[in-house]
Structure formats: structure tokens, C-alpha cells
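Peer 1: So TrEMBL says this about it:
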TRANSMEM  D:12-29  transmembrane segment
TRANSMEM  D:35-54  transmembrane segment
TRANSMEM  D:61-79  transmembrane segment
TRANSMEM  D:85-104  transmembrane segment
TRANSMEM  D:116-136  transmembrane segment
TRANSMEM  D:161-182  transmembrane segment
TRANSMEM  D:212-230  transmembrane segment
TRANSMEM  D:236-255  transmembrane segment
TRANSMEM  D:262-282  transmembrane segment
TRANSMEM  D:294-316  transmembrane segment
Amino acid sequence: MLEVKELVTYHGSIRTIDSISFHVNTGEIVSIIGANGVGKSTLLGTLAGLYRPSQGEILLDGESIFSLPAYKIVRQGISLVPQGRQIFSSLSVRKNLVLGMYHNYQKTKKNLMKSKIDKMLEIFPSLKKHLNNMGGNLSGGEQQMLAIARGLMSDPKIILLDEPSIGLAPIIVREILEILQSVRDEFGMTVILVEQNVKAALKISDRAYIMDKGKFVLSGHSYELINNPMIQSTYLGLKT
Amino acid sequence: MPEQIVQFTITGILTGSIYALVAIGLVTFYNVTGILNLAQGDFVMLGGMIFVSIYKLGLPLLPAAVLSIILIAIIGIFIERTAIYTARNSPIIILISITVGLGIFLHGLALIIWGTSPQSTSSFIGSEPIRIYGAVLPPQGILVIISLLLLLLVLYIFFEKTILGTSLKACMINPEASQLVGINVRNMSMLSFTISAAIGAIGGIIVAPISGITYDMGLMLSVKGFMAMVIGGMTNVFGAVVGGLILGLFESFTAGMISTIYSDAISFVILILFLFLLPNGLFAKSKGKRV
Amino acid sequence: MGKSILEIDDLTKRFGGILAVNDISFNINEGEIVAVIGPNGAGKTTLFNMISNVIMPTQGEVRFKGEKISARKIHTLAKLGMTRTFQNLLIFENMSVLENVMLGTHIKLNTTILTAGFRLPSVKKDEEMSFYMASEALELVGLKSRMYERAETLPYGLQKLLEIARAIVSNPTLVLLDEPMAGLNDSEKNKITQVILNMRKKGYSFLFIEHDMRVVMEMADRIIVMDFGNKIAEGSPEEIQKDPKVIQAYLGEEVF
Amino acid sequence: MDIRKILYNGRWKSLMTMLALILIAPFLFSSSYLLTVLILIGIYSIVTLGLSLLTGYAGQLSLGQAGFFAIGAYTSGILTTAYGVSPWIAIIIAMIVTAIFAYLMGIPTLKLKEYFFSLATMAFNMIVFILIVGMYNFTGGAQGLIGIPKLSVINFPLEGLSYYFLVWSIVFVVTLFSMNIIQSHVGRILRGIHSSEIATSTQGINVAKYKLHIFVISAVFASLAGSLYAHFFNFISPFSFQVSVSIQFLIMLFVGGARSSWGAILGASIMTLLVELIDWIVSSFMNGGGELGLLIYGFMYILVLILMPSGLVSIITKVTDKLKTRFQTLFYKKEEVTIGEEHIGD
Amino acid sequence: GNTKSSSTVQNEPSNTNSSDSINIGVLVAETGASSSMGKPGSEAVKLIDDQLKKNGGMINGKKVEIHLQDFKSDDPTAILKLKDLISKEKIVAVVGATNLSASSAVSTEAEKNKIPMVSLASLPNGYGHYIFGVVQKDIVIQSVIVDYLKKNNIKSVAFMHARDGFGQNGLKSFQELGKENNIDVVAVENFEVLASDMTVQLTKIKAKNPDAIIVWTRPPASGVIAKNYKQLGLSIPMIQSHATANQTFLDQVGTDGEGQLVVGSKLNTINQFPDSKQIKISKDFSEAFSKKYNYEPNVFSGYAYDGVQLVLDAISKGNDTPEKIRDYFENGIHNYPGITGTISFSKDDHSQVAPDGLALFRIQNQKWTLVK
Ligand SMILES: Nc1ncnc2c1ncn2[C@@H]1O[C@H](COP(=O)(O)OP(=O)(O)OP(=O)(O)O)[C@@H](O)[C@H]1O
Ligand SMILES: Nc1ncnc2c1ncn2[C@@H]1O[C@H](COP(=O)(O)OP(=O)(O)OP(=O)(O)O)[C@@H](O)[C@H]1O
Ligand SMILES: [Mg+2]
Ligand SMILES: [Mg+2]
């Protein structure tokens, strides 16, 4: 459903994304793995429209979304949960959630909206008592949960998650990853996941790409990669 | 003496309401962009000028008022697209400076069109003052207060209860995240600028019969509006109104009870003292920033 | 184990109706690495903020090297030997990486506005010293090659390293690290772990919050577990790992 | 990597250029009118240099600089006219008075954040203005204070060219002083305060102290400029010290480039010259009145800001950098150093 | 280029040679705080300029040019502009500046450069060798008011003024005048020029029970006061200054101004006066002015007109250097029929202007009517 061809993005004069091509099928969970600074966030940011690519092609269901601004891309059904949370710090948690469905707010019925918020609170019970607390007052992990919840509120076709496990307790990480799987299974949502927690990421994803210096250097099914000795030594910290 | 006190109160509330009207406009744009629009007072001026001109052509009050508000809104859109939008990537402080330039431009324009003499109309609703305990309230004053309250109500509902209002606020808090949820941040800046320009026009229309409109009144109004806005905590429409009233009352009471020469100086001293007690203004919500 | 340098007594913090930290007490000894773990929203960061005087406790007190510090200004702590990093990064975005770390050397310098203005010889000496200290710290965390870049253009992971470098550059006695490893990849994590363990050998103490259990197990001499503002357990990594309360509240059945 | 490069980041080359310009300028502009404009630019530069430290670096947006400018001018003016104090001594006294004033005022005001600080400084400016108008027995009130003596050296009055050199040598010293501050640990502290006060104080830095010091220094600069202004025009009136003048100072700073001493001077020059240029164009070619000038001025003003969002100085830097890299790549690999001051042409 | 400090300029005959035209400088505040006075003045000057150009710009076979500069109501700018006029245009005389503080600022500069100056504000304390004025001293204008007060047996008044040079100076001179004429100033109130409400001041005045109120300011403030006065239901006489005597004010106050008093120029009701040489000049000027600008001239147009005409008069008598013009002013201007009053200069008085161009008006049916 998402097809990226020879994508190039610059930061100033540095070619941060250096001609990347890949594709993601509907209902897949795909992980992107790489060391710090190889350009993972930039790639997701480019897909979501935050950075302007300078070359290449991005097709969503066959239609080009290349170089569309971020707010239009969301309407096409791609939602990014950015690194560093980026919640609305001086709005209440509830308003943060409501804004998550901004782009189809008009079409959404009041009670549907309420039930959606309730659903998010079910997934992230620790947000419940903070519903009227300001986003910025939450703890780091709670903010991360809020960011993910906000991303899910828009019912995206594809959700891009940039290191969602940062700052979350191990038990929550596991829960979230399970939730991702279940959303995928239930609604056919497609997930692109950037993770440092490689083992966990590979465990839930169907396929993965390994990224280095702006390029994809390796790709394959997760079960293959997890047994790849190179991956094991570099990313899983296992001595082979 | 009690008669005087009532009079000072009325005067304070009236001048305060005008400051409040400017402050509301300032807050509306600030809430969305973080920009302090120092040309807000000039929108009041321009709105008033245009209104007086249309009104004097013979149009009835209401259509003349609506027409001038619409005109100012259009001018607002134009100005936002040319002066603010083109500079959108500049630091906030540059954008604030641009609004200063805008103010100069607008009052230069007004000077060319309307000259130096004040433009004014007669009171809309009769001129027989209303007596309260020996003090007088000009009927026009009632109109000022009513419009202020109405505007306050509308804006309060807009910002606090509608998604559009919330999304306007979101733009300032985090423009990047706003885009990510589908808000067109650029248009929001235009929308809010237009709204605040229109609020300015309302201010101008209301002031026209009271003190008349002069081309150079803008900066003074912006400054007073800014003070009101800060007292009220910067981001809060309700706070802006209370801030404006406090400022107006301060001024009239220090002038009335202490000294007219130093009334402003004294009220500024009180203002500063007040800021030390409430360093974030009256109705500041916590910024939601923690480390 | 050395003598105790940080003593925390009955520390409590309320935010309106939320009891973020409830009556926490513990000590840290010289040369010790202590970890604080616990579910999200347990009050760990709030605890750090109180220790480093960023916020005032509702109740209780903190003593550092025998001195009560709760009434002190934030900036006096660095001189006493306590520095910290932040969970939501607080780097100086408008500066280069090097300059960020050079600011961390402040307590070792004597430059004042007037000496700087007149460029007295001491200023130059200060600058040189600051430069070498900062480069060393950057070398230690592996950021030296990027020291002239603007800090905000660094990727998230490296910004974390930058904060760590800034916190250790002034040779403090105790460093508070709030989730130092979040966002780092495994090899960076290993590196930082080694850096910290080496520093411990030289007598530095650390108090850190972390959700990566592998790192916690490897680094910590002692672990304090918080939940809903309360201390629910304290002990050696082995003890904590087996503690059913901790498993239930925090770790889950399977440890990644 | 040479540590010198960080410390003496091309300072002397640009300072020498400045010195040369100072020496040449009056010979390029011969009329007493243009000389006056140059002197004014010098006086304003002293204010904007201080403002650059306070606002550009430390991030404290002061809307009250004209208040300190006024204290300088009026202390000088009153001491020399009413009490016969020597102008030189009056300048010094004015600076001390201002320093004390700024210090006392700074302690509480600097606790305020962002716009709240701006408001407090603005209120201060207004109070100063009101007091000048109100205390007319001392200050001459709204009519202004006349008969302020010229500065003189051993009975040789400084005016015209000699005053020009006096003002600009002071500008030179003030520039050097500011650059020394900026290119030092203190400069980093100021930028740190701008970025995050909490993060700065956790580095062991007494934020309040540095803010206060820099506030006092910028006030003293403004006061010095105010005294020079008074002794130059031999006349002052309160309207030269209104809040709008404070705003003008800020705008000069931002047009030039807030985070650079060169920007401060450049901004003062551009904005002052712009006004004169427009007046000249309007009066000689357009047969329009001052109101047309106002319109054009507002328009140019916006245009300049839109075109140069980080100040004129950044554009100059970009151009010279480009030329330099072109030049340098021919010979050796360029080493990227930008520390502290944004620099031009080093 | 050669450099001249202003001290060398001072010693240089800045007029004679260079160009063949004779240049006159005019400094007015077209913009800024004083523009409501400066603008009508500058338009009067432009009117003269037009008329001059119609005649080919020639007087006595010599080309005369008027150089008008806006000093933006900023006093140092006025000095700057004067320097510019002197060094660039080599002017022989300067007319200006609009307001008091600017006039006193430039007078020093004019004196230093030995350029005769015709001030458009009444300079209070002494004048230089080269400084003249076409504006009645405040005391002269206020004597019109005092006459009225005496006639109506009014002994206690309140004085209200703006916090500007005009207002502060007006207060000073009225206090002196009051003392001389046994009129008590029982209340003094002041206000910001741009203030939009004066109820507080008027309320305080009301409490002091004066028999009349004197107001020394210009529109819009004077209009606001007039309206507030009406609203508060005050009935004692209120007399406003000549700065208020213009159509703007009438428009602003509408029916609220009925019955209030204003000191004005005869220009205001030019047809209500019997013909005389002065009235004739005024009429011509008034008609030409209203034709060109669509509004009636006021006192400030009159001052500027008189100022420039005086210089032209000097030139037409063959005086084409600063020195000659100065000498002509001191010796040759006797009973000169200025629009705003009859002007007579002498060695001892460089700004004797009779109040005969002025009169006291009452607003009736939104029009000026002469108070007999
Ligand atoms: N605004 C910017 N300007 C210049 N360079 C940038 C900017 N943002 C990122 N970069 C550079 O682009 C490269 C890729 O950064 P990116 O944030 O995409 O890395 P990442 O793979 O997400 O790293 P991490 O795992 O640490 O989050 C880095 O070298 C970074 O320094
Ligand atoms: N200023 C505040 N106002 C209101 N609530 C607050 C404030 N600061 C913290 N809290 C609440 O206090 C609780 C503790 O927060 P804290 O940041 O200390 O948690 P934490 O243990 O660090 O969590 P995490 O692991 O997610 O970072 C949270 O529920 C948080 O929402
Ligand atoms: Mg990243
Ligand atoms: Mg935390």
C-alpha cells in the first residue's frame, strides 16, 4: 500500500536520506532498525510530510503523496507518533486526544468520539486519572502513552511510530506492542516501527529493514533477521 | 465624595473596556502564533476611520458597522498573507517587529487618507447621560460594556469549547504536532489574524463616538492593550478583559484620588508591584512545562 | 562502601490532588551506583527534581554531604558536587556541542563579566581549561568528532550523550541521570555503561532512573523501586529481580 | 584545532576594518548634516550594543532602554545646567546613577519571565517619561531642557568632527568590551540563559546574578549614550525618550542582527540612514509630505525585516562565507568554526 | 570631499554665492504628536509655494525657493533638518518649528548659524539676536480670555491642560496673568494628549466649585473634554484655547459643544468682520486654502502663512542675505497685517503680535459665533 522509490532528503547540504526504496503491504508491521543518527527519524518525518524530500517518489495506494505538507498527509491516513512526544503541553489530556482526530472531527459523531476516548483510556489506564491534567505535567512515560494514543485517535491506515518505547516501563512496552498487533489484526492497520529495542521490535514485526547512514543495508523477514549473526552482534548485543 | 467614587469607577470601567477590547484582539492572535501584534491598536484606528467614513456617507449604523468589520477583516487577510506569512519562518521577535512596521505603515496610510483631524460620529444611542448616584454614565458607555461582554462570551466559547478554537491554540503550543494531527497551521495564523483585526474594528466603531479616532492613537492603544493582556496572564481572553478593567480602574482612581500628573506613574508602580506578587499574571494557567 | 553522601528523609510531593511522591527515604554512599525504577508516573522524576532543588518538596528534606540543601538555590548544588541530566532533554540548542559542555565547567572558572569585558589574562586561561575539560568529556562519551555541530541538529540519541557529558565534565561527586539510556542503541548503551562503571571506580557516585532492565542490572549496586509515589522495594539487583511485587507492578513476567 | 580560534574569532581583523571605516567615513560625508547623522548613529549604536548583550544574547526583551537613555541625558543635562558640574564628571555621575538604578530595579524585575519582564521595563520607561514631564522645575518639562553645555577638552569645545571622533572612539571601546564578553565564558552563559534558565542554573551558574550584571551594563551603555546625546544637541526634551524610542532601539538591533555586535551597529546605521534617505527621496522627488515618508518608511521597514529575518549581519556573513569557501577550497580544507559571535568578514 | 565641523560652518557666509536662488527653510511637524498643528501649517506653506511657482518662483528678479521639511514632531530631528537645510540648501531664513520644544531646540542652532528664524510657537523665555516670532505670547492670547472673565465678573477658575509644552507653558502664563488680574486658579488638572476620557479631571474640578474652566489643549483631547463636560452636566463657562478653534473640533463635538467658548482666529468666521486690510488678506487666504484642501484653515495655518510671508516680504524688499533679513525684521516690520494679528518687531521685542487677529467665539448651532 505504501511504495517509496529512491527517496532523498537533505538537511542543509547533508544527504540524510540517501536514495531509499521500500514498500509496505496492507496490514504489515515493518520495523526500521539502525544506530543513532542514521536517519530513521528523518525518514519517518519525510513520509509524514515534516521534511520536504528533494527526489524520489512516495505512493500511497498508488497515489503520489510526495512533498505534500504534513497536515494533508494525515488526511490521507498516515499518522506519525514522533520521537520526543510532541504533545500539546498546555492543553488537557482530553483535548490532546480530541485533537488527535482533528482532521475527521466534523464527520465524527459526539458519542463515537466519547467511545473512542474511552477506548484509549482502556488501553492506557494510567491516563485516566490525568484526563483533565495538562499534558505537559504528565510523567515522561505518560506523555509517551498520550502521544501514541493521540496517533491512534485518527484511525490511520498507516501509523508511523518513532521509538515508541522510549521512557516506558517494560511491562507497558510489551502491552503496547501487543496492542499494535491486535489493532493490526482487528482493523488491518499498517504499522511502521522504528525501535532501538530491536529484539522486541523484531518479535512483533513481519519484516524489517536495517538502516545505516541514510541507506537501507539489509532487509528481510523478522525471523530471518533475528537469527542473522551480524544483527545479533551489532543490534542485539549478543556475542557470536 | 461617594459621588466622585462612583464617577471614577464608571470612568475606569469605560476606559478599561477599551483597553480590554484591544487586549482581546492581541490575545487572539498571540494564542495562535505567539506573536504580539503591536499593530492591533492601528486596526482599531483603521476600523474606526473606515466606519466613520462609511457612516457619514449615510449608511445606517448596523450595515455601516458590519461593512467596516468585513473590510477590516479583508485587509487583515491581505496583510497577514503579505507581511506575516512571507516572514513565517523568522524568529518571533522579528515578526513582532514587523507588526511595529505595520503599525507605522497603517498610520501613515490613515494620515494620507484622513489627515490629522479626529474623525468622530455622534453617539449611537442618544446622548442624554444616565445618572447613577449623582455620577453620570454616557449611554454610549453601555454599548461599550455590552459589546465587550458579548465578544468575551463568543470568544470564550470559541476557544474553550470548539475544536477550531482548540486547534488554534494548539498551533502555538506546538506547530509541528499540530501539523501532524492535520491542522493547517498557516491558515490558522491567517484566521486568527483576521479575527483579531475584526475585533479591532469593533473597538474602533465603539470608540468613534466617544473620543473620536485619530491616526496616531494606535500605538498607545496597543501598549495599553499589551499591559492588560499581561496582567490577565497573556493567553486568556477572560484575563485580558479583567486586566483591561483593572488597568482602567487603576488609572482613574490614581488620577482621581492622588494626582493627575503622576496617575499613570503611580498606576505603573502598582502594576509592577502586582507583577512581583503574581509573576505570571492573574489568570495564568500553568504552562505545562516541567523538567 | 564509603560513607553516605546523600540522605533523603521522608520526601513527599503533592500536585493538587496527586500524591506524586510519598514519604521516601534512602541514602547513597560514596562510590555507589543506585538505580530508581518503577512504572510510569511512579514519581521518579519528581523525586529527582526535589533532590536537585528544581521543585520544592511538600515535606521532608535532602542532605547532601551533610548539608541540608532543600533551601538552597539550584545553582549552588553544582559547586557542592551534584549535577544532573533531564528526562525531557534540556540542551542549549543555540550552541555547539562543545559550548554546551563548556558551560558545564562553570564552577571551575573564575571569569566574571568585568574580567571578560576587559579580557584579562585569567580569562584566556579559563577558556583553555574549559576547552580541554569539555573535549575530554566529549571524548569519553564519543561525541568529540561532532563537537562543532549545533547541538539541536544532533539526533535524539546523541543529544542524550551530550547531556551526560555536560553533567560529568565538572567532576561532580554525585550525578543524577534521568533515563540516560532512553533512545540509545545497544552499542551506545554498552559504551555509556562502561563509562559510568569506570567513573565509579574513580569514586563518583550515581543515582539514575532507567527503564532498560539489562542496563539497570548491569550497572546498579542497589535498586530502589517506586510505585504510586511509594518505595515498594529496595535491594540488590538479584533481590529486586526476584521480588514478586516488582514483577507484578513493573517488570511483567518476562524480562526482555 | 586551535583554541585561539575560539577565543579570538577573527576579532581583530573586523575591529581594524571598523577603525578604518571610522577614520574614513567623515571624509566621505562632508556636510555637517551627514556628520550629525553619523554621530547619531554612533550614539544609537552604544545603546544597541548594550541591548545586544541583554536581549540578543541573554534573551531579556527590554522595552525600557530609552528610560536609561533618558536618565543619562537628564542627569547630565540637569547637573551641568543647574549645578554647573563639568560635563565629563556629569557623564560619569550619570553612569553611576544609572547603574545604581538599574541594579535596584533589576533585582525584582529580572525575576519576571519573557513578556512580563518586557512589561515591567516598559512601565519603567513610562514612569521615567512621566517624571520628566511632571517635574518641570528640574527638567524643563515638556518644553525640554535648553542650554546644555558642549563637552570640551581644555577649553576646546568638541563639536562637529571632533565630537564625531569622540563618539566613535567610545563606540569602538564599547564594541570591544561587548565582544570580549560575548567571546568568553560569560557570553556562553548569556546564551544559556536565553535557551533555558533551569538548565543553566543546574550547571552551577547563578542566573539571577548574570542577568542582573548584564542588565546593569546595558543600562550604563544607554546612559552613556544619553549623556553624549544631551551634550551633542545641547537640548533634550522628554519626547526623545518615549517607549516608542525603546521599540526603535530594539528594531535597530533586530534589523542588524541581535546576536552580534556588528549587527547592533549595522542596525543603528541602517535604520537611521533609512529614515534620512526616505526623507530625502520624498522631499526631493515625490513632492509628498511627511505622511508619505511615514508610509514608505513603514513599508521599507517591513520589507527589510522580511528579507533579513536574522539580521543584515547574517546575510553579510553568508556572502563572505561563500566567497571564502570558494577561495579556501582551492588551497586547503575548511574547518567549520562558529563559536559565539556571528562574524563578518574575518 | 572636505570636512567642516559645524563650528566652521558658523563662520562661513552660507548664503551668498553658490546658487542663484534664494532659499527659505520651513520646519513643520507633518507627522507625529504635533501634526494636528503642523499639518494645517504645512498646507498653508504649500499654498504659498504654489502661488510663488505660478509667478515663476521669482521675486524681484531673483528665484526664491521654499524648502519644507517634516521634523516628525521629534525635536532633535528638527535640529538635524535645520543643519541639513543650512548646509545643503544654504537657506537665508528658517520658519518653524510647529511646537514649543522643537522651536526652542532649533532656535539655538539658528542663532549659532546666524540664520534668522521665525518661530511658529511662542518662545517663552527671551529670544536670540536672530529669533523672531509670529505667534502671540500665551499671555496675549489669554488676555482675550481674561477680558471675558472680568466682564462677567468671574473670579475663580480651573485650568486644565495637556501634559505637553503647549499646555505646561499655558498654565505658567495663566497663573501669572491670573495673579495680576485677581483671578484665582482654584484647580489645576492635566492629562495625556491622547487620553480618551477626562471625566475624572472634570469631576475633580467640579468638586472645587470654580466659576469657569479654562482648557489649554488641542483636538482630539479638547473635543473629549467638551463632550465629557456636557455629559457631566456642567454649566459654568468653559473656554478653550486657540488650538481648538477649527472645524475638526466642531465635527468632533457635534451638538455636545453648544454654548462652549473658544478663543479663535478671525479666520474662523471671516465673514462676520467688517472689511479691513487684514480681513482682506485673511479672506483671500481662507478661500484659496479651503478650495485646495477642502477644509477651513485655522490659527496654525495662519501662523505658518504669516511666518513665510514675512520672509518673502523681506526678500521682496531686496533683502537676500540672512543678515539683511534679520535687520529688516528688526527695523522694517511695523504694523504688518498678519492673518493672526498685527505684527510689529523692534529691537526690544522680536515677537510682538497683537491679539487683533483673535476673538472669542461661542459655539451656536454647531457654528462659531463671535462673542461681542
Ligand atoms: N535540523 C537538522 N539540521 C541538520 N542536520 C540534522 C537536522 N536534523 C537531523 N540532522 C542530522 O541528520 C542525521 C539523521 O538524524 P535522525 O534524527 O534522522 O537520526 P535517527 O536515526 O532518528 O537517530 P536516533 O536514533 O538518535 O533518533 C543526523 O546526523 C543528524 O545530525
Ligand atoms: N506539575 C505537575 N502537576 C500535576 N501533576 C504532576 C506534575 N508533575 C508530575 N505530576 C504527576 O505526578 C506523577 C509522577 O510523575 P513523575 O514524572 O515523577 O513520574 P516518573 O516516575 O518519572 O514517570 P516516568 O517513568 O513515566 O517518567 C505523574 O502521575 C505525573 O502526572
Ligand atoms: Mg530518531
Ligand atoms: Mg520520569
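For all residues, glycine too, the Cβ spot is worked out from N, Cα and C.
Values in this document were obtained by computation on a predicted structure and should not be read as measured data.
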Peer 1: Sequence gap of 6 or more, Cβ distance under 8 Å, 3 or more pairs: do the transmembrane segment (D:12-29) and the transmembrane segment (D:161-182) meet that?
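Peer 2: Contact between the transmembrane segment (D:161-182) and the transmembrane segment (D:12-29): present, because at least 3 Cβ pairs are under 8 Å.
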Peer 1: Which range wins on Cβ pairs under 8 Å with the transmembrane segment (D:161-182): D:35-54, D:61-79, D:212-230, D:236-255?
Peer 2: D:35-54
Peer 1: Determine which residues of the chain contact the transmembrane segment (D:85-104) at the Cβ level, with the cut-off under 8 Å and only residues 6 or more beyond its ends counted.
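Peer 2: Residues 68, 71-73, 75-76, 79, 149-152, 212, 215-216, 219-220, 222-224, 226-228, 231 contact the transmembrane segment (D:85-104) from elsewhere in the chain.
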Peer 1: Of the listed stretches (D:35-54, D:61-79, D:212-230, D:262-282, D:294-316), which one yields the highest count of Cβ-Cβ distances below 8 Å with the transmembrane segment (D:236-255)?
Peer 2: D:61-79
Peer 1: Please work out which recorded stretch in D:35-54, D:116-136, D:212-230, D:262-282 has the most C-beta pairs separated by under 8 angstroms from the transmembrane segment (D:294-316)?
Peer 2: D:262-282
Peer 1: Should anything in the same chain at least six residues away from the transmembrane segment (D:116-136) have a Cβ under 8 Å from its Cβ atoms, list it; otherwise answer none.
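Peer 2: The answer is 60-67, 70-71, 74, 105, 109-110, 142-143, 238, 241-243, 246.
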